[in-house]
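**Q** Supplied in structure tokens, the structure appears directly below.
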Amino acid sequence: AAPGGGGGIRVLLRRKQVDSDRARAAGGQQLAKELSITQLIAIGVGSTVGAGVYVLVGTVAREHSGPALTLSFLIAGIAAALSAFCYAELASRCPSAGSAYHYSYICVGEGVAWLIGWALILEYTIGGSAVARGISPNLALFFGGPNSLPWILARHELPWLDVVVDPCAAALVFLVTALLCVGIKESTFVQGIVTVLNCCVMLFVIIAGTYIGFQTGWVGYKVSGGFLPYGVNGMLAGSATVFFAYIGFDSVASTAEEVRNPQRDLPLGIATSLTICCSLYMLVSVVIVGLVPYFAMDPDTPISSAFARHGMQWAMYLVTSGAVLALCSTLMGSLLPQPRILMAMARDGLLPSFFSDVSEKTQVPVKSTIITGICAASLAFFMDVSQLAGMVSVGTLLAFTIVAVSILILRYVPPDEVPLPSSLQTSFRLSQECDEEKVGSPLGDGNHEQGTSEIKDVIVVESINDPLIEKQLYTNWMS
């Protein structure tokens, strides 16, 4: 209960003390620490490289960027990297499930955390449902046409409800949900295989497209409008559009509690996955914009139509398979964080304790995973979620903003006023006092050596997780 008279406001601004050692000592249920840096990269790349790149290339090039599409991807990648660095720092300092919800609860307060938690759940649920409904039309191309799926999987219109149901989308959601219930190690292994296959398709597009480009003379870069037909403003507008092709790296932060060495692996996993995604996006855009003039691109199937223009009709099936693999990987990336956010909220008492139960056999929140799978499958089966897609963007921007604000609070608010783990409180306090000593004392050899010694002590303290050892080091440093 919140102390004092202004109970409602105090509850909304209440921040929690996070200490994983204290939680383990209390006998709380913990997730299995199974993830390595390779698996984190697979989660990050698989959740980020979706089928959007197979469509965005044509739409953005035609309407905004022209041949400068590569620069649009680069600018968007830099903007995404700034958010990714914020996630990486918070995830390594506070490695617990919940992602942006967890960070906002620590740094801002319970009211904002409640809002962020539900915004993330809405984002992942609607986003996963939209992705699932996008798989069936692509699968139908392998059966001969847009409406060629077997009857049991094909879309059907219910005239009395005026809706179009999609059994294939619901079945895929249930399949991914069952895989996530098996265990985090097994599900990330499958996602890694799917991600590698998708990257192989994109590498084929890059290599084969480069060969065709040198054979034909890169006609897309010889248009009369030049490299910037829509000007710098068009290029920036294109970067704002393709920015959402980078969303997905926050899925890595949601698995922080399941990482073996979070302080090292989480920043490397997030940064490496984002670098891979940005490189693939830029290389694909360089090739496709060079093969076909931007004004002649097919806005729906830009890559496969570009190869078809040069006599490679068979490449359509390979590109379509890459789109299907990308959608399946993105679907897994959308369903993975939801149970962990629900579990974090239940641990804090904002949801019933039912959602925080962790299976003793698989060490994953099976009950929360099943509930989120049922909700996502229902949306994918009954609803055309394209009308709700704008709400996904709102939730994402809100989460990114709160994470950046949390970083500012950690940097500029005194450590005693932020309920960080005790192991971090000492290192923050020592760092601030060390900076004050160096600023207040004149520069000299003795002071320089003393400052160097103090910095070494701080580094040692930050690398040790035992509070007793930290206390002794702090006492020695003060003396």
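In case you wondered, yes, glycine gets a Cβ from its N, Cα and C as well.
Note that TrEMBL annotation is computational and uncurated.
According to TrEMBL, the feature transmembrane segment maps to 37-57, 69-90, 102-122, 134-154, 160-182, 189-214, 226-247, 268-294, 314-336, 364-382, 388-410.
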**Q** So what's near the transmembrane segment (37-57) in sequence-distant terms, Cβ-Cβ under 8 Å and 6+ beyond its ends?
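**A** Distant Cβ neighbours of the transmembrane segment (37-57) are 69, 131, 134, 138, 185, 188-189, 191-192, 194-196, 198-199, 202, 241-242, 244-249, 251-252, 255, 259, 264-266, 268-270, 272-274, 276-277, 280-281, 284-285, 288-289, 297, 299-303, 319, 322-324, 326-327, 329-330, 332-334, 336.
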**Q** Looking at the stretches 69-90, 160-182, 189-214, 226-247, 364-382, which one shares the most CB pairs under 8 Å with the transmembrane segment (268-294)?
**A** 69-90
**Q** Can you say which of 160-182, 189-214, 226-247, 314-336, 364-382 has the most Cβ pairs under 8 Å with the transmembrane segment (69-90)?
**A** 226-247
**Q** Go through 160-182, 226-247, 314-336, 364-382 and flag the stretch with the largest number of C-beta pairs under 8 Å relative to the transmembrane segment (189-214).
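**A** Comparing 160-182, 226-247, 314-336, 364-382 against the transmembrane segment (189-214), the winner is 314-336.
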**Q** Which range wins on Cβ pairs under 8 Å with the transmembrane segment (160-182): 226-247, 314-336, 364-382?
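**A** Per the Cβ under 8 Å count, 364-382.
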